[in-house]
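One structure is given here, and the rest of the page talks about it.
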Amino acid sequence: MLSMQVVSLISLLVSVCLAQPLPLSKRYFEYENYKVRGVNLGGWLVLEPFITPSLFETFRTNEYNDDGIPYDEYHYCQYLGEDLARDRLKQHWSTWITEADFEDISNTGLNTVRIPIGYWAFELLDDDPYVSGLQEAYLDQAIEWARSYGLKVWVDLHGAPGSQNGFDNSGLRDQVEFQQDGNWDVFKNVLAYVIEKYSRDEFTDTVVGVEVLNEPLGPVIDMDKLKELYNWAYDYLRNDLQRDQILVIHDAFQKANYFDDQLTVEQGAFGVLVDHHHYQVFSPEEVGRTIDEHISVVCEQGKETLTEAHWNVVGEWSAALTDCTKWLNGVGIGARYDGSFVKNQDTSYWIGSCEGSQDISTWTSDKKDNYRKYIEAQLDAYEIRNGWIYWCYKTEDTLEWDYRKLVQSGLFPQPLTNRQFPNQCSSTY
């Protein structure tokens, strides 16, 4: 018979073992066994003129040009002043996305929502005109709604102080200054807060990714410093916080495999996912492609993901074959497709007419087929690895960028696995 001391020792050891948490590498969300099929809630907590033009049209001074219209959220708030901007944005935040949208998202077979939010929701620079401190409550409510309908969430830091890319969707257009010291420090404060909060146990059943920063403009910024930021975020999450949330890093518009030597399993890292964004409308060459050329590019994009070291998801893509959507390129800039694009020294030439581009009742059967083909090819290519998140869930006026309208028009498959044009990439991979 075992002595009482031995029995007590065994009991103590069992208790200690049971009390020990599982290793982090055993607990994190497993993307290898999960195909992401999602939508972005664009134009909600970060304004984009092309998604909700009515918010910006109120500033119009004449019918001939866009003079006087703010071209991003920074200038929207600056033009209105703090009190009026707060009132208008609260109305927008409380109505643009509601619980009914999450029910609809779930009912169409999606499983994930990516929610963009700007740094200014949490902290401001001294001279910032943004409305701050209110967006977080809407984000948390959205996470609750997602949980209720069985959806997963990515929290996406979409705008950095000084802007990481100069795009209007960063909050501040036409400058790229987020790596300057003061801006950099504020952003790291915000990033630390977001990582800490949304890696807590109370969120990780639903929030399965925190994206460090949306679309840092790799060809312009200091890439070594961006890599340092990614390393710092990972170290803070894994070593300081000792938590297992997935860290999402954007590819910074670099080629596939660019981050294969950073934060890899071989280096002892885990739970890192690379976010790719694929559009084919932001150059004259792209909008001039035939449908077969567009699809060939898509198939190659899918093939490239097979060799990447990390999990990867196409976190933004669209059905757009033109850049005809009003203000897609920015307020006052025009479209490359019809030759009206003018920005600084860049101009464009006529490829085709934008008339009727967002009115499906004017489309020919061939045009409808081309859009359906393009969507189906992307669905197939991007599910070769870990999936996709469409940009975006809804817009006021445009069709090419609106998931809901595309579903209603029969251009986006329902169910999502339905194919009218199967095996388009079969010769590529």
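Just so it is clear, glycine is given a Cβ too, placed from its N, Cα and C backbone atoms.
According to Swiss-Prot, the active site, proton donor annotation covers GLU215. The annotation active site, nucleophile is assigned in Swiss-Prot to GLU316. Residues annotated as disulfide bond in Swiss-Prot: CYS299-CYS425, CYS324-CYS354. Look at Swiss-Prot and you will find 1-19 tagged as signal peptide.
Overlay of Swiss-Prot annotations on the structure.
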residue : record                    : DSSP class
GLU215  : active site, proton donor : coil
CYS299  : disulfide bond            : helix
GLU316  : active site, nucleophile  : strand
CYS324  : disulfide bond            : coil
CYS354  : disulfide bond            : coil
CYS425  : disulfide bond            : coil
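Rounded to a whole value, the Cα-Cα separation of CYS299 (disulfide bond) and CYS324 (disulfide bond) is 24 Å. In this structure, the disulfide-bonded residues CYS299, CYS354, CYS425 were compared by how many other Cβ atoms lie within 10 Å of their Cβ, and the smallest count belongs to CYS354. Between the C-alpha atoms of GLU316 (active site, nucleophile) and the residue listed as 'active site, proton donor', the distance comes to 10 Å.
Here GLU215 (active site, proton donor) comes close to GLN164, ASN165, PHE167, ASN169, SER170, HIS250, ALA252, PHE253, HIS277: these same-chain residues lie at least six apart in sequence, with C-beta atoms under 8 angstroms from its C-beta. In sequence order, ALA335, TYR337, ASP338, CYS354, SER357, GLN358, GLU400 are the residues near CYS324 (disulfide bond), counting only same-chain partners six or more apart with C-beta under 8 A.
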